[in-house]
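Here is what TrEMBL says about this protein:
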BINDING   A:TYR138, A:GLN199, A:ASN222  NAD(+) binding site
BINDING   A:SER245, A:GLN267, A:HIS270, A:HIS336, A:ASP369, A:GLU423, A:HIS428  substrate binding site
BINDING   A:GLN267, A:HIS270, A:ASP369, A:HIS428  Zn(2+) binding site
ACT_SITE  A:GLU335  active site, proton acceptor
ACT_SITE  A:HIS336  active site, proton acceptor
Protein chains: 2
Amino acid sequence: MIQIRKLDSTAIDFQETLDALLAFEAETDFAIEQAVTGIIAQVRARGDEAVVEYTNKFDRIPNGGAADLKAFEIGQAELDAALAALPDAQRAALQTAAERIRVFHERQKQELQGFTYTEADGTILGQRITALDRVGIYVPGGKAAYPSSVLMNAIPAKVAGVGEIVMVVPTPDGVKNQMVLAAAAIAGVDRVIGIGGAQAVAALAYGTESIQPVDKIVGPGNAYVAAAKRRVFGAVGIDMIAGPSEILVVCDGTTDPDWVAMDLFSQAEHDELAQAILLCPDADYIAQVEASIQKLLPTMPRQDTIRTSLTDRGALVKVRDMDEACEIANAIAAEHLEISAEEPQQWADKIRHAGAMFLGRFSSESLGDYCCGPNHVLPTSRTARFSSPLGVYDFQKRSSVIQVSEAGAQTLGKVAAELAYGEGLQAHARSAELRLKS
Amino acid sequence: MIQIRKLDSTAIDFQETLDALLAFEAETDFAIEQAVTGIIAQVRARGDEAVVEYTNKFDRIPNGGAADLKAFEIGQAELDAALAALPDAQRAALQTAAERIRVFHERQKQELQGFTYTEADGTILGQRITALDRVGIYVPGGKAAYPSSVLMNAIPAKVAGVGEIVMVVPTPDGVKNQMVLAAAAIAGVDRVIGIGGAQAVAALAYGTESIQPVDKIVGPGNAYVAAAKRRVFGAVGIDMIAGPSEILVVCDGTTDPDWVAMDLFSQAEHDELAQAILLCPDADYIAQVEASIQKLLPTMPRQDTIRTSLTDRGALVKVRDMDEACEIANAIAAEHLEISAEEPQQWADKIRHAGAMFLGRFSSESLGDYCCGPNHVLPTSRTARFSSPLGVYDFQKRSSVIQVSEAGAQTLGKVAAELAYGEGLQAHARSAELRLKS
């Protein structure tokens, strides 16, 4: 038996209870901050040597550790061999997923082409889109090593046209995850180095003798990696620091309750802090989902994680109606939002904030996690209010282009000078005025 | 006389010297960090009361300070009055600038429309673009109060369709900057509050009794504001924390040297840490620019700031040819890049990294700062390698849309299950498999 929280939106303390349930603030661990600051300083000062030392120690590299960074290079032949050695079904699945991810992200690229327009006086204004030169992708080692994440991080960079994609992945005890290497081969990663932790982040950000600095670092990692990414931000770009993963299911009560229960499990199995919430206007249906949860939980290999996650952070919420469910969904701004309902579009139209929306009962989140095509790196912890899924646009940037004609300088110069004098910036004003014909 | 650094790209230590010149790392001031942490905690705990206390104290609000937050509201009538009271030429210039900024940013909005496509089996995939609900714009008070910044921050948010734009601007000693208020009226800011500092940032991020929390905070500020923005990041979105402003002029030696000298001044006058650099293949021309600098500097009201900036952080660099100038420009990735040359497009085509490019000798940076239309909030400190000018896209976010058909679930479900089992995530696999017809 599992005790899962049941809430009712008409309860007087509902909002307060929901807010408390949603609250998640990553704590700052000063011991980690301090350790990471030291590691970064060492890598900046001593380069390869420091990276090798830390890697030998933290990843328990066997046989007394590696002598130099070259020993951690994982060459193309090794990636290709890992791909060839996969079971056929697994290789085919990875390839299908990669191709679908590529197709979706090509659409993102098509959308962002930049623009130019010419004004009547010949002045040209525009916006140019260019790809980043070099990107680092962090891939965790050990139990959280997900080949699907390699595809989701590397393919958008590839589609964007990034010049060089460098992947780092730790090899704890010297063990390499073959499926991760196979995914790197499929995604077209340019270089793979078997290092991880804050030392890998520092090496990517600042460069060493054998690693050229990158322009941006993406990908998930443990608390040390997250702290290191935060610290190197500015020197390089980073993606969002992800919080625990979340699913919100809005259901009208017409979906097989086993399906909804399993969808909640699929989020809860990630880790104990993951959050799975159901909103439904039908109390009987909620009871059926609860029964499905009780029935199906013992069949799940990761039932301990699921139980803790659902008990601590999950909820089954009875709402007044589907309209209210949509309002609450906007306040939650979930990473994953399933609208498991007849004619889901009517409800989707009311949603303003969600990382990804899964519409209709056949759109389980798990399909999106692996192979629908859209990215599975999504804004967590209500950040979908202001941020977006990882995409091609994260590996591109814009530059404004301004080409003022001589005629344009006559009109614009007077406006600029007026405002510059108003702000007390006389060199700005004079710079505009010098271009005026007397 | 001013001593300005002259470099030659053929010198053996050129790269090293240039790197040292470009190096800028904002130091972390722990006293400021600590103060800001305390202020944020107080505002979260005590709301309006804490905001009023800090504002009365830090901004030296006269007559014993304000009694409540309402006293700091600056209503629409006051904004309209400020606009009406401006000298005609200044009002017209602000309005022209605002209209041109609006037109350019409308083009950005047009570019990003989202997309949807339907696959053969009826599965629908897409990306939806929505505006942020509520945005906070921080405007500095005192000497760095720039009405142009109000336009550049607020208009993109307005064009994006942000529901509510809340502007905060401190009023040191109770003094309001009328041109800033006029700009707020023109830009269509929804609410203006005369508060600033870390307390204003905290109030916007977490809300108080009388301020609803926003989803993103943009705009420049002093070290306390920057520290507060960094700290609330995650709870809300923020824009980049800007470093000192920079201009890089690439000149082929055909522009009036007075113009180039004044363009360098227009950056250097911002503050002593601002950076102005010239790259040119023609040594004689560089000497002419230097002579112009010597000649024009005494005429500048802000000559002290210009002198310090140019002496400490400026340089006139002799390069081998214009191709090398473009290579160096890519390494510098300047906030503002002027290509002051005949047929500038040939060189612009070689530029990969710049916040904004000003092409041709009539395109002085100052025109772009005020009224060309593109945004003047640009990536500094080499971050143009991976980031973009402030734009409409900063006030929008994307959501993925996934609507899998029953037929689609049959093929995608098998792929997802294969990969999920490979990653040891059995609930993910079962969730996909439940949708398969037996």
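Yeah, the Cβs are placed from backbone N, Cα and C, and that goes for glycine too.
Unlike curated records, TrEMBL annotations are generated automatically.
What you see is a predicted model, and the numbers here were worked out from it, not measured in a lab.
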**Report entry** recorded positions satisfying Cβ distance under 8 Å to any chain B Cβ, from A:SER245, A:GLU335, A:GLU423, A:HIS428
**Finding:** A:GLU423, A:HIS428
Report summary line: Cα of A:GLU335 (active site, proton acceptor) to Cα of A:SER245 (substrate binding site), in Å and rounded, measures 7
Report summary line: Residues near A:HIS270 (substrate binding site) by Cβ (under 8 Å) yet at least 6 apart in sequence within the same chain, in sequence order, are A:PRO244, A:SER245, A:THR305, A:SER309
Report summary line: Students should find that the Cα atoms of A:ASN222 (NAD(+) binding site) and A:ASP369 (substrate binding site) sit apart, in Å rounded to an integer, by 20
Report task. Translate the DSSP assignment of A:HIS336 (substrate binding site) into the three-state scheme. Result -> strand
Report task. Within 10 Å of the Cβ of A:GLU423 (substrate binding site), how many other Cβ atoms can you find? Include all protein chains, please. Result -> 19
**Report entry** Number of Cβ atoms other than its own within 10 Å, given for A:GLN199 (NAD(+) binding site)
**Finding:** 28
Report task. Count the Cβ atoms, other than its own, that fall within 10 Å of the Cβ of A:SER245 (substrate binding site), considering every protein chain shown. Result -> 25
Query raised in the report: Taking the Cβ of A:TYR138 (NAD(+) binding site) as reference, which residues of that chain separated by at least 6 in sequence fall under 8 Å from it?
Result: A:MET167, A:VAL168, A:VAL169, A:GLY196, A:ALA200, A:VAL201, A:LEU204, A:ILE217, A:VAL218, A:GLY219, A:PRO220, A:GLY221, A:VAL225, A:LYS229
Query raised in the report: Under a criterion of Cβ-Cβ distance under 8 Å and sequence separation of at least 6, what residues of the same chain contact A:ASP369 (substrate binding site)?
Result: A:SER148, A:SER266, A:HIS376
Query raised in the report: Once the chains shown are all counted, how many other Cβ atoms turn up within 10 Å of the Cβ of A:GLN267 (substrate binding site)?
Result: 33
